[in-house]
Structure formats: structure tokens, C-alpha cells
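Trainee: Take a look at the following structure, please.
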Amino acid sequence: MKSPSKMQQQEQQEQQQPWLADDDAEDADADTRCGIGPCKRLEFFNKYFANKNTFIFVYGVLGCIYGSTYAYSNATLSTIEKRFKIPSKVTGVISVGNDISSLFVAGLLGYYAGKGHRPRWMAVGIFCVAMFCFITLLPHLIWGPGEDALSLTLEQGGVGDSTDYDVQLIMKRKTLCRAGFNDSLAGAECYSPGNTEESGIAPAFLLFLAQFISGIGGSLYYTLGTSYMDDNIKRSKTPALVSVTYFMKMLGPAVGYSLASFFLKVYIAPDLTPSITNTDPRWLGAWWAGWAVLGSLLLFMAFLISMFPQTMPRTIIRRREARARGEQVEQSASSEKASLSDMIDTVKRLLKNKIYMCNTLAAIFYMFGFMPFWMYTPKYIEVQYRVSAARASFFTGSVGLVFSAFGILISGFVITKFKPTARCLAMWNVFVSIIAVCATITYPFLGCNESDMQSRQMVLHK
């Protein structure tokens with residue numbers, strides 16, 4: 001049996017006492033020690049949290065839960081619109097609240113937080129996303145399920161005796177009323193814009209505030225997590241390990257849509273007995289319940305991500321060995337001093353980087369086309385194909401997003417193994433994007449003739 005090599009013995013020693021691996025630097029123990037406050041004295045965190053594998057797992061799980069929040073938000077969008085009488089043009093503004101905050105704070109926060117303890121800053125960002133979940137929950141805690149939902153319960157004397165056609169006609173009239181077509185609907189029941197609860201002004205403000213806060217937290221999560229992995233993982237292993245984290249992130253939307261499908265099957269007032277089924281257009285699911293679950297999970301994950309050290313012990317060892325061999329060692333982002341002038345110089349360098357700017361512009365145009373599609377897909381399926389919100393959420397999360405997740409995972413290992421050139425990767429991206437655009441163009445030609453005919457009859461009725 002062969003005796004372990006010197007390198008293997010060193011790695012075994014690091015796994016047993018990773019925070020003591022670098023003894024020739026004064027600040028090594030402080031930089032590589034895990035935990036916050038009293039937790040620093042617990043050997044559990046120093047033993048299991050001072051290695052890249054644990055970080056990849058925790059960061060990936062965190063990305064999965066984080067991605068679930070936005071998927072859950074999109075899946076429950078139509079239910080929130082019906083509950084608070086909020087038109088789609090307003091929910092569209094609400095949904096971009098996180099993008100607005102990211103636009104103003106992402107660069108500034110990402111730069112200064114990147115010079116500090118990045119795992120702790122990530123924890124602050126995830127705490128903001130958890131606040132987004134709890135603030136989104138507030139409208140239900142303040143205004144409850146609403147009179148419309150309560151009137152459809154057996155406890156309130158609700159009777160589900162209307163035909164499906166009559167119900168759809170009523171819902172169509174109310175939708176047109178909210179869109180401002182009151183004059184063309186003689187006798188239709190419209191909502192009074194003076195009623196704060198019915199018009200949805202206050203709930204819409206809370207939902208926008210929640211989205212705005214989430215944008216701050218999300219910018220910290222994405223910018224700091226990627227740079228932390230880049231500084232603490234060997235470049236030869238980066239594509240495979242990063243693809244694992246993105247695979248888990250892509251599973252997040254699938255989990256979010258599945259969670260929404262589950263809760264939307266439950267009535268908005270679970271303690272009451274509804275007089276209708278979840279296939280009825282008047283059905284309102286328990287959209288609020290998932291926010292309590294996701295917010296609690298994010299608080300727990302924020303605690304875990306804050307336990308990681310500022311720098312991994314193995315990273316310090318690699319830098320020390322490189323210096324001993326006379327090699328030039330690139331400093332990590334957190335080791336440089338932050339200043340406004342340095343930030344301006346960094347931005348100027350990025351603006352002059354043609355490859356970076358082309359990728360940035362490509363991402364901007366991609367988001368222009370992709371975000372509305374992803375945001376309104378559940379509602380489109382619900383309205384176009386006359387299915388419940390729960391089924392629409394299930395179909396959205398179980399098909400495309402799962403395949404995307406596996407595609408990212410496989411691509412990471414392919415890049416690691418075959419190491420294709422940058423030109424080859426760019427051409428592949430263009431090829432796949434063209435196929436995706438062509439497939440999306442076919443959507444307007446898909447539909448149900450019988451469903452379209454019913455919609456025309458409902459508009460022309462009376």
C-alpha cells in the first residue's frame with residue numbers, strides 16, 4: 001500500500017485544522033476564521049465551513065431558495081391582481097421595483113462590499129430578500145382574504161350555483177371595468193376607485209416597496225458570490241463548480257412554481273370551507289402562505305452564509321507557495337483598499353473592455369425580451385388555455401426551467417473537460433439564441449379555437 005504523498009498529508013491536515021494552515025502571515029488566522037462573535041470559538045464552523053465544497057453547496061442552495069422567491073412572485077401575480085383589483089400595467093411597474101434599486105445601488109454596494117468581508121455582506125443582502133418576503137406577506141395580514149373571497153365560503157352563506165359561462169362573463173366584465181372600459185359595459189358592476197382597499201393603492205405600494213428592497217439584496221448576492229468563488233477556487237476547477245451553483249439556482253424557479261402550485265390549490269382562507277372548486281375563475285389561492293416559508297428559509301440561509309471566512313485557508317496556502325516559487329500572485333478584491341477614485345478607475349477600465357461591454361449589451365437585450373416572457377407566462381397559460389393558477393404554475397416550472405438547469409450543469413462539465421475556445425462558445429450562444437427566438441415566435445400561433453370563440457361571445461354578450 002502506497003504511503004500518502006506530502007501534498008495529501010498537507011490536505012488532510014488542512015481538513016482537520018484548516019484555519020491554522022497559514023502560520024506565516026499575521027492576519028491569516030483572522031481572515032480564515034469562521035463565524036461571527038461567539039460562534040468563532042465553536043470548532044464546528046471552523047472545521048466544516050472553511051472549505052470551498054461547503055461554500056459551493058450552501059451558495060447553491062441559497063441560490064435555489066432565492067430564485068424561488070421571484071418564481072413564486074410571478075406565479076401568484078394573477079391571484080394578487082384579482083384579490084386587490086390591481087391592473088396588469090400596475091403589477092408590471094411593481095415587478096421592476098427590484099431592477100430600479102439594483103440600477104442605483106448595485107455598482108456602489110458591489111464595489112465597497114467587495115472590499116470587505118464578502119460572506120457577511122452577502123448575508124446582509126439575503127436578509128433584505130427575506131424582508132422582501134415578509135413585506136409581500138403584509139397585505140394579507142392587514143386586509144385579510146377580502147369580502148369577495150369570504151362571500152364564497154359556506155360559513156358566509158356562499159353558494160356555488162352559477163354556471164361556468166356566467167362566472168366567466170362576470171370575471172370578464174370586472175376585468176374590463178378595471179381596464180377603464182366602463183362606458184361599453186352597461187349594467188356591469190365596477191369597483192370604486194375611491195376605496196383604498198378595493199383600488200389596491202396601498203397594497204400596490206407595499207408590494208413595490210418589497211420589490212425595491214429585494215433588488216438591494218439581490219445585487220449583493222450575485223456580485224459578491226461570484227467574486228468570492230473566483231478568488232477562492234482554482235481556475236481549472238471554476239467552470240465545473242460554478243456550473244453546479246448555477247444548476248441549483250436554475251432549480252429555484254422550478255421549486256418556486258411548484259410551491260405556488262401547491263399553495264394556490266389551498267383557499268385563501270384555509271380555516272373556511274369554500275363553496276367553489278379551484279377550477280372556478282373566482283377561486284383565490286393561499287398566495288400569502290409561501291412567503292412565510294420562503295422568508296424563514298432565507299433568514300436561516302443568511303445565518304449560514306455569514307459563517308464563512310473572509311478568505312479560504314487553501315487560498316492563502318496557494319498564494320504563499322506561488323510567492324515561494326517566484327510567481328506573481330494576483331491580489332483578491334477584498335485585499336485592496338476601497339476608494340472613490342479607485343472605483344472610478346475600475347469603471348473606466350470596464351468601459352474600455354470591448355468583450356465585457358458586448359456581453360453586457362447582449363445581456364441587456366436578452367433581459368428586455370426574456371423578463372416579460374418569464375414574468376407573465378403563468379398568467380398567459382391561465383388565461384389562454386383556461387386552466388387554474390395552480391396548474392399554470394406547475395406547467396411553467398416543470399418544463400423549460402428544469403431543462404435549463406440541466407443544460408447549465410452539463411455545459412459546465414463540457415467546458416471543463418474539452419476547454420473550447422472563446423470564439424467557439426460565442427458562436428454556440430448565438431446558435432442557441434436563434435433557435436430560442438424562432439421557437440418563441442411560434443407562440444402567437446398556438447391556442448384553442450373553442451376557448452377563443454368563448455371569449456368573443458363573452459365580450460359580445462349583452
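Every residue, even glycine, has its Cβ placed from backbone N, Cα and C.
Sharing the feature lines straight out of TrEMBL:
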type	residues	note
COMPBIAS	8-17	compositional bias 'Low complexity'
REGION	1-24	region 'Disordered'
TRANSMEM	54-73	transmembrane segment
TRANSMEM	93-114	transmembrane segment
TRANSMEM	121-143	transmembrane segment
TRANSMEM	201-225	transmembrane segment
TRANSMEM	246-268	transmembrane segment
TRANSMEM	288-309	transmembrane segment
TRANSMEM	355-374	transmembrane segment
TRANSMEM	394-415	transmembrane segment
TRANSMEM	427-446	transmembrane segment
Trainee: Taking the transmembrane segment (93-114) as the first stretch and the transmembrane segment (201-225) as the second, find out whether 3 or more Cβ pairs fall under 8 Å, excluding pairs closer than 6 in sequence.
Mentor: yes
Trainee: Does the transmembrane segment (288-309) come close to the transmembrane segment (121-143), meaning at least 3 CB pairs under 8 Å for residues 6 or more apart?
Mentor: yes
Trainee: Could you check whether the transmembrane segment (246-268) and the transmembrane segment (54-73) come into contact, where contact means at least 3 Cβ pairs under 8 Å with the two residues of each pair 6 or more apart in sequence?
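Mentor: They are in contact.
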Trainee: With the transmembrane segment (54-73) as the reference, which stretch in 201-225, 288-309, 427-446 has the largest tally of C-beta pairs below 8 Å?
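Mentor: Ranked by Cβ pairs under 8 Å, first place goes to 288-309.
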Trainee: Grab the same-chain neighbours of the transmembrane segment (288-309) for me: Cβ-Cβ under 8 Å, and only residues 6 or more beyond its ends, written as numbers and ranges.
Mentor: 19, 31-36, 39, 45, 49-50, 54-55, 58-59, 61-62, 65-66, 68-69, 72, 76, 119-120, 122-124, 126-127, 129-131, 133-134, 136-137, 139-141, 256, 259-260, 263, 266, 268, 270
